[in-house]
Amino acid sequence: MSEKKIDSIESAIEDLKNGKLIIVIDDEDREDEGDFIAAADKVTPEMVNFITKEARGLLCVAVTMDRAKELQLDPMVQRNTSQHETNFTVSVDALAEGVTTGISAFDRYMTIKMLADPVSHADNFSRPGHIFPLRAMDGGVLRRVGHTEAAVDLAELAGSTPVGLLCEILHDDGSMARLPELLKIKEKFDLKLITIKDLVAYQMKRKKLVARAVETSLPTRHGDFRLIAYEACCDSQQQNHLAFVKGDFSTDEPVLVRVHSQCATGDIFASLRCDCGNQLASAMQQIEKAGKGVLIYLMQEGRGIGLINKLKAYNLQDQGFDTVEANEQLGFKADLRDYGIGAQILQDLGVKKMRLLTNNPKKIVGLEGYGLEIVERVPIEIAPNSVNLSYLETKRDKMGHMINCSCNCSGVSQQDNHTQQ
C-alpha cells in the first residue's frame, strides 16, 4: 500500500467537519473492504443519493451503546453468528413529516438525521425500516478494529454527535471494491482515504482505555514479579486487569509476552477440562527464565462469555457438544475476546517489540492490529490429558490453534496434570 495515497487522520477529520464523505479501509487480514463514512449530523439527501449510487452497499448508521439504549435499538437477533460480530440492531425508519415509504433518499436522510439528533427518542422511529443501525463497542477502535467503531470515533473527533453513516463500497460488477478500485474512487471524487490502522494509532495517543491503579512486588512460586493493576476507563463493567512484569523494557530488544485471559476454573482450581492453568504457569516460568517479560492477565473469563455462561457451556459439552458448538448454542461466537486493552497495557509498559507466547494465530492478528510488532511466536506446549484432549482437538481443528494433540493420554493422570500447574 503506497503511503502517498493514504491521507492523514487529521485531514480526514477536517473533511468530516466540513460535511464531506471520506473512505475508510481496514486490514486485508480482516474484511479488506472500504466504506464511505460521514458524520451523521452532516448528512444531506444529496449525499445519501450519491452513496446509494456509487457505493451500492448497505446503508448503516453506527451509534454508541448508550445511544442504542436511549432509542431502544434492540439487537437484530439474539444469537449473533456474524463472521465479524457486526452488531446490527433492528432496522428503523423515521416517523416524521414528509417521510413516506422510508426508502427514498430524502426518507433515509431523515432517518439518519434523527438517529443523530440528541432530542430524538424511541417513539420517533418505526421498526423495521430501511436504515440499519449498528452498535459500536465502548472504547471505539481501541476495543474493536471495525468500520462501525471507526465511524463513531471519527464523528466524535470531527466535533459531531458520535453517530456515523457508513456504507460498504462495491465494484461495478457487484464484488467488493478492494484497494486499487478504492484509490480510483478517491481520485475521481476527490475524497480523503484513510486506514483503520492509522486511526487506531491516532487514538492510542489520545485516548485511554485503562489507567494504572496500583503497583506492588509479588513473589510467586514461579519467580518474583512487579504486579501492576489497571482500572478500565471505558468499560461499563469497570473490570480491572493485571500485568506481571519482569525486568526492564527500555531497550529495543524484543520482550517475551503472554496475553492470558482469566480462567477461574483452570487458573485457580486446576480444572482438567482445559489447559489454561498449565499455560499460565508455563508462561510465568518462561518469563522468569528469560529474565525479562510480561504477562497480561485480562478479565475475559470463558473467552469473553463470563463464568456463568462458561459453566453452562460445560453442561452442554457433557451432552456431546464441543466447545465451539456449546458457545453457539448459548448464542455466542466461539471467541469474544478483544485485545485492545491488552495492547494499551503493553504500550503503557513501553513494550515495542515482542516474542508472543501463544498457540492462537488470531491473537497475533488481534495485537498487530493495534500497531504492536510481533517478531516471533513462541508456542506453549502443554501435554493433553484424557479429559481435555477433545477440547484441545476442537481448538486446533475449528479455531485454528497451533496445538500438538498427539500424546498417550492414558499415561497422563490427574496427578500428573496437577503437578504441571
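Backbone N, Cα and C atoms are what each Cβ position is placed from, and that goes for glycine too.
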Checklist entry - For the GTP site that Swiss-Prot gives with Arg258, Val259, His260, Ser261, Gln262, Glu301, Gly302, Arg303, Thr323, Thr358, Lys363, which of Gln78, Gln203, Gln279, Gln285 also belongs there? => result Gln279
Checklist entry - Any idea of the Cα spread of the GTP site, Arg258, Val259, His260, Ser261, Gln262, Gln279, Glu301, Gly302, Arg303, Thr323, Thr358, Lys363, as a max distance in Å? => result 23
Next on the checklist: In whole Å, how far does the CA atom of Arg303 (GTP binding site) lie from that of His130 (site 'Essential for DHBP synthase activity')?
Outcome noted: 34
Checklist entry - Out of His130, His147, Arg337, which of the recorded positions is least crowded by other Cβ atoms within 10 Å? => result His130
Item to check | Distance [Cα-Cα, Å, rounded] between Glu301 (GTP binding site) and Arg337 (active site, nucleophile) | outcome: 9
